[in-house]
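Structure first, commentary second.
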Amino acid sequence: MNPHAKLICTMSLLMGTTITVSSNHWVMAWTGLEINTLAIIPLISKPHHPRAIEASIKYFLVQAAASALILFSSMTNAWATGQWDITQLSHPLASTLLTTAIAMKLGLVPFHFWLPEVLQGSSLITALLLSTVMKFPPITILSMTSHSLNPTLLVIMAIASAALGGWMGLNQTQTRKILAFSSISHLGWMAIIIAYSPKLTLLTFYLYSLMTATVFLALNTTKTLKLSTMMTSWTKTPMLNATLMVTLLSLAGLPPLTGFLPKWLIIQELTKQEMAPSATTMAILSLLGLFFYLRLAYHSTITLPPNSANFMKQWYINKSTNTPTAILASLSILLLPLSPAILTVI
């Protein structure tokens, strides 16, 4: 891809995200989302492969439909109340329409069908952007309107997302699809708590982005797209694969790793809100995710590839240490002891 085009797309992504996050008016928020969508499409279709073109078309159609629904929702609210301010969303129909539109943007069940296909058709770095950066503006809009959303609808969608994300990830062999279903499952955890504690949703999103970025960058270093490739990658980069295994366990939410913090806080908050059955259901459904994260960890470090000879066929990659991956991996594993400091911030 032309460096100038790549620079324009990256700057547009940053600008679109900033406009949406900092806006109070519905039209400005919608404009930012549109800039984001138009900036990511060249990055998805960059490989010129039929799967990449298909992924970019699917992504464009879903995002265009979601943007139209956001406009319709804001106009319905403005017609009924005379308000274009994002925080003044008080009309019930507008609130339901907005929840539907944001669910389409994020990939929450039952609007999740596009996410695994689009991630599978993208490169690993583009899939990382789709899983983290592109989800930040819609989650910000949800947090700004959290006081007027329908909690029952959000809880149903959240439990369905956690269940489907767990079940569908069990039999996948492609790493990008596994991470797409992992994303759907984590979005369920964010959606269930947003009506009660928007700051906790944002904290969950930040930590999820941190851990997912580590996993995608590690997979990109070894160019791992399938589980069968992952089985042989440990001979090339043993330390990176060991770090990847611990990060995957953190993503699964095992203590004493970073990923345990958001799940612990969400279950605690749900119990305070007298929603113990929902908290129990989410905790049980997270075991499905734990299974396929363990499967990934098993393939990355414990499995030996079938080898007729007695020597290693793969040589070490003589690359310098990737500093961003090292920093992100450290944060993905070691943040739990800092939870008192994190809690004072939120």
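Heads up, the Cβ atoms here are built off N, Cα and C, so glycines get one too.
Residues or ranges marked as domain 'NADH:quinone oxidoreductase/Mrp antiporter transmembrane' by TrEMBL: 23-286.
The feature transmembrane segment is assigned by TrEMBL to 57-80 (among others).
The feature transmembrane segment is assigned by TrEMBL to 92-115 (among others).
For the transmembrane segment (152-171), same-chain residues at least 6 beyond its ends with a Cβ under 8 Å from one of its own Cβ atoms are 96, 99, 103, 108-110, 112, 116, 177-178, 181-192, 194-195, 275, 278, 281-282, 285-289, 291-292. What TrEMBL records for 152-171 (among others) is transmembrane segment.
Residues or ranges marked as transmembrane segment by TrEMBL: 178-196 (among others).
As annotated by TrEMBL, transmembrane segment applies to 202-219 (among others). Below 8 angstroms of C-beta separation, residues 124-125, 127-128, 131-132, 135-136, 139-140, 143, 175, 179, 182-183, 186, 189-190, 193, 225, 240-241, 243-244, 247-248, 250-251, 258-259, 261-262, 265-266, 322, 324-325, 328-329, 331-332, 335, 342, 346 of the same chain, each at least six residues beyond the ends of the transmembrane segment (202-219), sit close to that stretch.
What TrEMBL lists as transmembrane segment is 240-261 (among others).
Residues or ranges marked as transmembrane segment in TrEMBL: 281-304 (among others).
Positions annotated as domain 'NADH dehydrogenase subunit 2 C-terminal' by TrEMBL: 290-343.
Outside the transmembrane segment (325-343), and at least 6 residues removed from its termini, the chain residues within Cβ reach (under 8 Å) are 203, 207, 210-211, 213-214, 217-218, 221, 240, 243, 246-247, 250-251, 255-261, 265. The annotation transmembrane segment is assigned in TrEMBL to 325-343 (among others).
Sequence-distant contacts of the transmembrane segment (281-304) (same chain, at least 6 residues past either end, Cβ-Cβ under 8 Å): 158-159, 162-163, 165-167, 169-170, 172, 175, 178, 181-182, 185, 188-189, 192, 227, 230-231, 233-234, 241-242, 244-245, 248-249, 251-254, 263, 266-267, 270.
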